[in-house]
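A short worksheet on the structure shown next.
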Amino acid sequence: MRKLPLFMAWKFWLICLYIIKVASTQIVIKSNTIVGGNNPSGFQNGYIVSGDAFLAFQDMNTVPMYQTVRIDKGGALYYINNDKQGFSILSDHNYNHPFVFLNEGTVVVDDRRSISPGSWTIKDGSFTNNGNIMFTSSQGDIFSIGSNYITNTGFIFSKGTSFEKPQRLQIGNGNIWINTGTVCMANTTYILENAIQGGGCISVGENSVFNIYSFDMQQQTVYLSHPSSVLILNGGHEVPVYGLGNGNGILYPDAPIRDIYYDSSTGIMDVTAGTNGIYKFTVYIGAGYNESNFEIVSSIKIHGISYDNYNFVRYRGPPPNLAPSVCQPCVEIPLYSFQVPDPYTTTNELGFSETVSFYSTYNENDIPVIGNTTIYVPPAIYTLTKVNENTTETDIISRVTGMGYNGLPFTYYTTITVGEMETGVVTKTITITENKSRSTKTTLMSRNYTFSFSNYSPISSSGTYSVSTVDNITTLTDTVANVSSSGPNSIVTATMTTYQNNHEFNNASVINVTNSSNIMVPITSTFYSSVDSNLTTPITSLTRTSQSQIVSHITKLASSINETTIANTFPSPAASGTNYTTVVTNAEGSVQTDIVSHITTTDSDGKPTTIVSHITTTDSDGKPTTIVTTFPAPAASGADYTTVVTNADGSVETDIVSHITTKDSIGKPTTVVTTVPYTLCASNADYTTVVTKSNVSVETEVVSHITTTAPCSDLESHVENQTTSPSMHTTSLVGSENGVSAKTVNDKPNPTIFTEVAVSEGTTSNAGYVTDQGSSLEMFAPTGASAVESGNKVSQTQTASIFHGAGSTFKIKFNTILLSTSLTILILLGMA
């Protein structure tokens, strides 16, 4: 055996040692590692990322990619450029050891935040991808895999983010490469350099172009997944293409397309181009297409290049077939997973606690980042009391926090001073003006003295206590009444709180109104009793008592077409609880004395309350309005009295005004003033009258009388019967309320009929609003009765058939008569 020369032997061993050294110096990443800056040390000989770990090169535009780059299954490798020049990353190796790139895990090459185009290149060696790889950029980078041996069984996604600057994908160096996985494209141009073997998929997505020239693509599936996808052909072999439709298509750049032939039975489309159709290519697109929807486009611009010679064919309808199963969905690969810190709580410089929590998200460049949220927890509202030799002042202090326009937190303090209150307000008017977008609250007040107090607390846990300031006047509102159940445009009476030290400080009540959006809005108003203007000594000790005041309102349409609501306060009744009178000058100049009546009752909480009657009607503009009802004052003795009334037709009649004491629907006492025409009954004799019928016939009718109890000379009831024939007549009960029910009781054998008419509770019909209601009374009688309307616009008609004979009696009993409606009853009863 021939021995090697000594020099040659040493050379051989040196080469072996060098190879061993190169292999042994590659760094192995076994835990999550983030490296910043260009060309970090320790990675110049290659790197291997173990499973369940990642290696991230950040804030750089160039790093080594030497000899061997391997990512094990479960591992990940990230190249991330943050605000640098575009990537300049190139593979390299020693002269006798080819470069190896092997990915079993995840690789992301992210140049989206670069400020110029870059490149990531494998120039030779071998490239094997059995995992997931994403190339992404914003400036039109070139991602090139020029290895001698290329195999892809996994997923490769070339995703540009700019429509104007699509990136370029290059795979292959002229050699055949194998694809059994999926290659996805978005905002990408991919120019094929040789045929692709294997049964894989090329998915051409948004604003992407796949140029296959004339290479054999029969083993691959091309999927046009977006309406802007383009496939470029130069003739040659048959190509399977899926997803043709919605405007995407096929470009033949070398000659104008002449004809399209589609065979629905085979799913094959033949395209001829050039003079006399000398060029031809065949595309398998599948069954289900409509040949009339194919279109040859005369001019189109693709990735900045114009094609103006009928070079593009497209299908206007949707693709009839689903995506092929061999093509994986084109889903973006996220960057390395963030370790989101746990939340924590701290105390800031303002003295209140902050809770800081973290989350992972993407920024405006689709880069994952960690964000944080800070929740500010200010202390509870507290009270500070200041005392000197003259006054005691209580301050309510709260803190408000927020975020300023610069994103920084701010805090300010609010202080409400309860002290040196101005009272003695004689009148207060609240006006709410709606203009469909905002409301304005105007308060008019007059004042005449001040006082201060301390140690205030609400008088009722069921009420609402609030402190508000208007026109520099602090108002304490302590409302016991429950207004939430009250309807819109309603008057709500409440038991108020009186603070007393020989003088009064009264809270008023709450009004519910509806704004322009038909939303019920409660208005809380404060009213003060008149007090001694000479009072100068501060009141520091107050005694609580209860008193009621009444608030009503008028809603009208103002000249500016805005709804205006005016709140009015009416004084409480006199201490004796009696009605009081007021002098009113009418529009025509006459003067009359009116009585204002009231009802003293209790509210739902058992508190005493006083109600002044009111009428809801409409004003001249057709808007709802509420007015206070007054009645002419009775004689000083309180007895019934008569008054002379001039009717609209000029006739004069004498009316009797009397009072009825009864109970309302909830059993509370109520007083009703009734007005009945005064009829002289000197003789009580029957008389005749001439009646002209609607058919112009004239007849004479007999008017007879029955004496019971009615307002005559002896205050007896006078019931008239007008008889023409034993037919049905109509009875009108004028001035009654809704809903009348009747029952007939036969309590005597020869028939004495007792009919009880019960007025059921309903919505009050008020003056100025006309309501006609009717119901039928089936009374035991062959003859009828009729009545006329008198003295009121509100009428209710009862139809009755009444049987009566000798000794029969007819009686009407009203179980319930509601407040503030003058009642005139005139019954015409026919007697047999």
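Glycine is treated like the rest: Cβ placed from N, Cα and C.
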Run through ASN372, ASN455 and tell me the one Swiss-Prot describes as N-linked glycosylation site. ASN372
Suppose you had to name the range Swiss-Prot annotates as region 'Disordered'; which of 592-617, 722-747 would you pick? 722-747
Within 10 Å of the Cβ of ASN372 (N-linked glycosylation site), how many other Cβ atoms are there? 11
To the nearest Å, how far is the Cα of ASN372 (N-linked glycosylation site) from the Cα of ASN187 (N-linked glycosylation site)? 33
